[in-house]
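If you look up Swiss-Prot, you'll see Lys77, Ser152 marked as active site, charge relay system. Feature annotation from Swiss-Prot assigns active site, acyl-ester intermediate to Ser176.
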Amino acid sequence: MTFNNKTIEELHNLLVSKEISATELTQATLENIKSREEALNSFVTIAEEQALVQAKAIDEAGIDADNVLSGIPLAVKDNISTDGILTTAASKMLYNYEPIFDATAVANAKTKGMIVVGKTNMDEFAMGGSGETSHYGATKNAWDHSKVPGGSSSGSAAAVASGQVRLSLGSDTGGSIRQPAAFNGIVGLKPTYGTVSRFGLIAFGSSLDQIGPFAPTVKENALLLNAIASEDAKDSTSAPVRIADFTSKIGQDIKGMKIALPKEYLGEGINPEVKETILNAAKHFEKLGAIVEEVSLPHSKYGVAVYYIIASSEASSNLQRFDGIRYGYRAEDATNLDEIYVNSRSQGFGEEVKRRIMLGTFSLSSGYYDAYYKKAGQVRTLIIQDFEKVFADYDLILGPTAPSVAYDLDSLNHDPVAMYLADLLTIPVNLAGLPGISIPAGFSQGLPVGLQLIGPKYSEETIYQAAAAFEATTDYHKQQPVIFGGDN
């Protein structure tokens with residue numbers, strides 16, 4: 001039995017009417033995962049035993065008719081802690097780490113009756129934009145297995161796009177939800193910083209990281225955000241939940257909504273077909289009654305440089321805890337304490353992680369702190385101020401999610417800077433702590449193009465409103481890759 005093309009609401013109705021049980025749905029999902037896994041490599045761990053135990057308990061308690069997520073399977077990125085399920089961050093360093101607690105986002109999802117079916121592959125410690133730095137091998141793009149799926153939440157995006165699961169969780173530090181969502185033709189949202197607790201997320205850049213949802217459609221994405229968003233005493237940066245239902249504006253028209261189109265987002269380095277797709281999308285929003293006008297975000301061009309100083313500096317601090325002593329990988333060829341530290345970290349971390357630790361350590365070092373880290377913080381403030389000026393007059397910002405569609409596997413590994421520039425359009429959103437969504441907006445070379453909508457802080461419901469209006473009047477979200485059963 002397969003439920004690939006059923007929406008969450010359709011699955012909920014089947015569960016409530018007892019046409020299917022949570023156990024049957026979970027078993028079908030596990031079969032979907034396994035049948036596509038050899039082609040995609042989107043999972044690090046398939047949690048079959050734990051998922052079936054959860055499903056049985058939900059069946060025995062009964063499906064909650066008022067809770068649309070009760071009994072629905074969920075895949076979780078492998079840097080988000082799951083009680084009793086390996087959480088490796090796709091690194092040799094944590095190859096055997098099994099948390100004894102759930103991340104708050106996972107605990108919230110379980111409280112809603114969601115069933116964790118596995119941990120998805122990712123760039124190691126979320127450091128990468130292609131899904132290729134994983135210790136467990138690269139994930140493949142759902143549309144073309146010779147292409148990258150984007151990163152770092154590579155497996156979470158590919159799993160949803162391919163029909164392995166309907167919903168998944170990722171994390172976004174510089175575009176790690178939105179870019180793979182764009183490359184795989186699905187909906188991915190980075191919430192406002194603080195909307196979802198970071199407790200239980202293996203930290204990369206603590207001032208940038210945010211957990212968020214993947215789904216095939218806008219409404220399903222919002223339903224998952226409803227489940228995971230919460231204020232949390234265990235995360236001092238979490239914010240009070242302002243709104244009970246992030247779907248509240250879905251279905252409302254967008255007549256009179258003011259949308260800004262930054263000229264910098266369609267400038268140098270943007271693929272011509274991607275640019276054309278976004279300009280066509282802007283015209284579509286105008287047909288729906290929105291007002292679209294060109295604006296400038298003059299400091300956005302410095303975003304990549306600022307990000308790689310700040311994020312790497314925070315990573316060099318956060319990753320100090322992985323020392324071969326308390327948990328994770330320990331080198332066997334060490335004869336003293338210093339060698340345990342050095343050898344365990346040298347052998348346990350991959351090349352990209354070590355590159356960023358060294359970059360961050362350099363940026364924080366005596367004599368360079370003022371020139372790099374402090375200055376990056378000052379430019380970050382200018383980027384934030386650019387957004388504030390635009391949002392004084394506009395409701396949302398529109399642009400491409402990525403400068404290109406998915407590129408060939410192993411084509412940029414020799415050129416880290418070129419890969420870093422692929423996050424040019426998503427990074428400023430993290431630096432400013434803003435919400436941003438990627439939705440399918442067209443195709444180029446047979447591969448999905450993502451449209452990014454950015455809002456002021458705590459404007460997720462407005463972002464969902466505009467995204468849903470676009471989705472309802474286009475059919476890009478209905479296109480499916482061959483592995484899902486589509487014609488493309």
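Using the three backbone atoms N, Cα and C, a Cβ is placed for every residue, glycine included.
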Notebook entry, point to check: If you count other Cβ atoms within 10 Å of each one's Cβ, which of the active-site residues Lys77, Ser152, Ser176 has the most?
Noted result: Ser176
Note to self: Return only the integer: C-alpha distance in Å from Ser176 (active site, acyl-ester intermediate) to Ser152 (active site, charge relay system).
What the structure shows: 5
Notebook entry, point to check: Under a three-state reduction of DSSP output, how is Lys77 (active site, charge relay system) classified: helix, strand, or coil?
Noted result: strand
Checklist line | Distance from Lys77 (active site, charge relay system) back to Ser152 (active site, charge relay system), taken between C-alpha atoms, in Å | finding: 9
